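**Q** TrEMBL lists these features:
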| type | residues | note |
| --- | --- | --- |
| REGION | 1-32 | region 'Disordered' |
| COMPBIAS | 1-24 | compositional bias 'Basic and acidic residues' |
| DOMAIN | 45-540 | domain 'Major facilitator superfamily (MFS) profile' |
| TRANSMEM | 47-67 | transmembrane segment |
| TRANSMEM | 87-108 | transmembrane segment |
| TRANSMEM | 115-134 | transmembrane segment |
| TRANSMEM | 140-161 | transmembrane segment |
| TRANSMEM | 173-191 | transmembrane segment |
| TRANSMEM | 203-223 | transmembrane segment |
| TRANSMEM | 243-262 | transmembrane segment |
| TRANSMEM | 274-293 | transmembrane segment |
| TRANSMEM | 313-332 | transmembrane segment |
| TRANSMEM | 407-430 | transmembrane segment |
| TRANSMEM | 442-465 | transmembrane segment |
| TRANSMEM | 517-535 | transmembrane segment |
Amino acid sequence: MAQISEEKADRKDEFTEDVSKAEESNASAVGTESDEDISTIVTGSRLALIFGAFMMAFSLVALDQTILSTALPTIASRFNAVGDISWIASAYFLPQAGFMLFFGRVLAIAPAKSVFLVTVGIFELGSLFCAVAPSVDFLIFGRAVAGLGGAGMWVSIMSIIARITTMQQRPVLMGLFGAVFAVASVIGPLIGGAFSDHVSWRWCFYINLPMGAVALLGIVLILPNHPPTTKSKESQLRVWLNLDWIGTFLSVAVVIMFMLPLQWAGSQKPWTDPAVISMLVLSVVPVIIFVLWEKRRGEQAVLPLSFFNRRNICGAFLEAGFTQIGFVVAIYYLPLLYQIRGHSATKSGIDILPFMISVVLAALISGALVAKTGQVWPFMFIGPIVAAVGFGLLFTTDANTPLGKLIGFQILAGVGLGSILQNSVIIAQAEYADNEALVPQATSLITFMQIVGSAIGLAIAGGIFSSQLRTQLTLHAPALSADTRSAVLSSIEAISTLDAADKALVKAAYSAAIDRMFLIAVAGCGVGSLMSLIIRRRKIVVRSGAAAL
């Protein structure tokens, strides 16, 4: 079985070094690479069962990010807590992002299987709290507990896959995870809406319990409990006490102070609100303290700053964040293109199936091609460009654009995004393939940036959309009454109650506002492609006892 290690690449190489020279360098390194222990590699039906259990668990983490989007109005009405809607959403994302780096460090000192099982338990407990919540405060608490568990599940799944598979297998497997994430993100609102309309919103959380239990049982029975990647002569108590607890606290503080005002801005509060401005400005303080503390901690830090000495890590980190902006814009604003045509929320979810299917297929095909050819950089460069073209074409649409064109533009954007969805993780893992202890932290760094990129993208898009919709309504329908204007600003469903003339004007205003969202996606994908230029143009070369990027 092929094993995994990483070439000690000459960091003084010129950036313009071509692929052929890189391959020669990789080939020359074969004789100097030490063989790794392959006892952790899993194959055959055992790998298939483990992977199936992980996909089920991962789908729950992804599903919980969007399943409440259509159920929140019902939940808010049930608890008479419309003002707490943003907290219900934020309570899941904030601990998930804040503790992502922490779990990356924990996985270096604790058995990955144990970390996964504990965090599944935390996620399930949080889901149970949400399902039986007697008040909105308890619901918010449950969401926070689930978010904490979700962070550990996400990182431990990626880290275990990196440990039990070869580099040749991994691009395909990561492509499958990308496909699961895309599917869960799209169907989440459909499931949430169906539960809240026909059963109970509480089933948005009850559904996690049996699925999580099946995944947990499968891993308990099938996955070996390998020792941690970092071996220490100290006692377990001393190892845990030496964790970077201060760095963890600071990373959580940074996430809360930066992401919370982004969640508020444009939806719950205006960008000019003193609370939004003050938190964004003050977030610089914990960032500075965090960097200084992590520098002092060195390799024992929750985020070793030495990671950023590697071009591949820097490039993958930045590209993951910028391209994620395009993905969340598509998930949240593509359905609006159809809803202004009178389609229901459920029907609009079905309408964006071409986007979802193209993302899934592109993720699978690109993973297979990376596994076969070892070439990952072309996808990182070309994929965002293709997506940017698709979003640029969507910008040219209006309420009367033929459905065929909308489908074609969706597919183009989906193919571009799908081809890069998990390749940043592949690059990070290949970069540290010769230092297994750092793979969990490198993985957590990329997933952390994906979550932050999503939050930034949604905040920017939400603020601009709200502002643009008001502006476009003034331009297209200046004669609307104050009550009608307020109604269409509050709900897209209000369009159906208008007379034919006003309906056409409001549709045009909505269409123009939505178009601006696709420009944000173009910018995110365009910058993401530029970030790929930081990444070295090297192949992932799989050979006996080694892999290199």
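Glycine residues also receive a Cβ, built from the backbone N, Cα and C atoms like all the rest.
Nobody curates TrEMBL annotations by hand; they come from automatic prediction.
Help me see these features in their spatial surroundings.
**A** When Cβ-Cβ distances below 8 Å are used as the criterion, the transmembrane segment (173-191) is approached by residues 51, 55, 58-59, 62-67, 69-70, 157-158, 161, 165, 204, 207, 327, 331, 335, 345-346, 349-350, 352-353, 355-356, 359-360, 363-368, 418, 421-423, 425-426 of the same chain, each at least six residues removed from its ends.
When Cβ-Cβ distances below 8 Å are used as the criterion, the transmembrane segment (243-262) is approached by residues 90, 93-95, 97-99, 101-102, 105-106, 109, 275-277, 279-280, 282-283, 286-287, 289-290, 293-294, 297, 300-303, 452, 455-456, 458-459 of the same chain, each at least six residues removed from its ends.
Long-range contacts of the transmembrane segment (313-332) within the same chain, counting only residues at least 6 positions beyond its ends with a Cβ under 8 Å from a Cβ of the stretch, are 66, 185-186, 307, 352, 355, 380, 383-384, 387-388, 391, 410, 413-414, 417, 420-421, 424-425, 427-428, 431, 442, 445-446, 449-450, 452-454, 456-458, 460-461, 517-518, 520-525, 527-529, 531-535.
Distant neighbours of the transmembrane segment (407-430): 6, 158, 162, 167, 170-171, 174-175, 177-179, 181-182, 312-313, 315-317, 319-320, 323, 326-327, 330, 334, 352, 354-363, 365-367, 370, 376, 379-380, 382-391, 393-394, 397, 439, 442-443, 445-447, 450, 521, 525, 528, 535, 540, 547-549; these residues of the same chain sit at least 6 beyond its ends, with a Cβ under 8 Å from one of its Cβ atoms.
Using a Cβ-Cβ cut-off under 8 Å and counting only residues 6 or more beyond its ends in the same chain, the transmembrane segment (517-535) has close neighbours at 15, 311-312, 314-316, 318-319, 322-326, 329-330, 333, 377, 380-385, 387-388, 391-392, 394-395, 413, 416-417, 420, 427, 453, 457, 460-461, 464-465.
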**Q** Under 8 Å for C-beta pairs, could you tell me which stretch among 47-67, 87-108, 140-161, 274-293, 442-465 has the largest tally with the transmembrane segment (203-223)?
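**A** The stretch I would name here is 47-67.
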**Q** Same-chain Cβ contacts of the transmembrane segment (87-108) under 8 Å, 6 or more residues past its ends?
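**A** Same-chain contacts beyond the flanks: 64-65, 68, 72, 75-76, 115, 119, 136, 139-141, 143-144, 146-148, 150-152, 154-156, 159, 228-230, 243-244, 247-248, 251-252, 254-256, 259-260, 263, 301-303, 437-438, 440-445, 447-448, 451-452, 455.
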**Q** Report, as numbers and ranges, which residues of the same chain sit near the transmembrane segment (115-134): CB under 8 Å and 6 or more residues beyond its ends.
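**A** Distant Cβ neighbours of the transmembrane segment (115-134) are 57, 60-61, 64, 103, 106-107, 141-153, 156-157, 160, 202-206, 208-209, 212-213, 215-216, 219-220.
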